[in-house]
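To keep things clear, I will list the structure first and then write my remarks on it.
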């Protein structure tokens, strides 16, 4: 079995971390029980680019128990948990990932998991693997379909669909209600702040926090910052989301204005250069810059490095940049995902639903091989509901069901006032 990780001797510690995650992922464990009995993925080759965390390990083990052969690479150069990677190798998973990869190593690892076995299913977090297969792989692969975990990745895949270049059907796992309403909002909302606190150990209360973007990630971060005592400003380009932020009680203004008053900045736009050098030059001395979007393009790190007259590392994941005007700004985790680079990512309880969706999406693609068009599909609602039902059951919560009379009422149109 091929693999490339940092240190196989870390496996015993990684196993304990995975056990801890699995204990808090009852939805995925329920699906694992069925997969173990039915083997719906028997003989299927899966190549996956995902954050190599203890929660991802629980998913990958579930796929293997379901009969799949899995090769895994990390979806961010700084997010891999090396002990977890080692534990997965001991479980028979081909892992090509370690914390601190450079760009060449990152893409080499993606190449390796395609070459190690020609995938039937492609799983991705950010669409780098999908893009690699479409741009770099000339051989004809027998790919049944793929999945995508993130908003950023779905945007890329939708662009590929629009250009007519998709080679296989995709399921946008990110678009499942049981994913984005919980993972994006509660997961990132908590874990991004966890990353900021681990990196800086600052007090949130009393600070002015600027959140760029008010999608599900942005609103989760904004609400949790407010809950910890920050005064929160939201910046947006979408008038509807900006209006939502106002109605939710946040101040809304352009980033050019917010940059003058903010103490902490968090980007969550899914777009490039939400914070540019022109904004950094306006910031207070000591402003903190962080990113909660998938790629390290939301803060103009390249421009910052070119502009700064002095750079020094202050703490792990904290770099101080002195600007030409003498002010200093502090960039966390080199502008990469602060929740995964400086902390451990989302809590297991929320990844339970996200990865339950991933497992069911893979099964769906295998069952529907050859029946789907080469386009991006939303997660089938019946699977979304299945995840919600299992999760509620695991929490000891019961809900009502529609009576026959209520079902009939909803299906007719003649009854009115």
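Yeah, the Cβs are placed from backbone N, Cα and C, and that goes for glycine too.
Residues annotated as substrate binding site in Swiss-Prot, with sequence analysis given as evidence: 53, 125, 149, 179, 183. The NAD(+) binding site annotation in Swiss-Prot covers 150-152, 184, 213-218, 236, 271, 292-294, 339, and the record cites sequence analysis as its basis.
Annotated features, which come from Swiss-Prot, shown on the structure.
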residue: 53; record: substrate binding site; DSSP (3 states): coil
residue: 149; record: substrate binding site; DSSP (3 states): coil
residue: 179; record: substrate binding site; DSSP (3 states): helix
residue: 213; record: NAD(+) binding site; DSSP (3 states): coil
residue: 292; record: NAD(+) binding site; DSSP (3 states): coil
Once the chains shown are all counted, how many other Cβ atoms turn up within 10 Å of the Cβ of residue 149 (substrate binding site)? 29
Judged by other C-beta atoms within 10 Å of its C-beta, the most isolated of the binding-site residues 179, 294 is 294
Long-range Cβ list for residue 292 (NAD(+) binding site), cut-off under 8 Å, min separation 6+ in sequence, same chain only, gives 188, 192, 217, 221, 266, 267, 268, 337, 338, 339
Within 10 Å of the Cβ of residue 152 (NAD(+) binding site), how many other Cβ atoms are there? 21
Reading the DSSP string in three states, the entry for residue 236 (NAD(+) binding site) is coil
Rounded to an integer, what is the Cα-Cα distance in Å between residue 150 (NAD(+) binding site) and residue 125 (substrate binding site)? 6
In Å, how long is the longest CA to CA span across 53, 125, 149, 179, 183, which the record gives as the substrate binders? 17
According to DSSP, folded down to helix, strand and coil, what is residue 125 (substrate binding site)? coil
Excluding near sequence neighbours, so keeping only residues 6 or more apart in the same chain, what lies with its CB under 8 A of residue 125 (substrate binding site)? 49, 50, 51, 75, 148, 149, 150, 153, 294
Including all protein chains shown, what's the count of other C-beta atoms within 10 A of the C-beta of residue 183 (substrate binding site)? 29
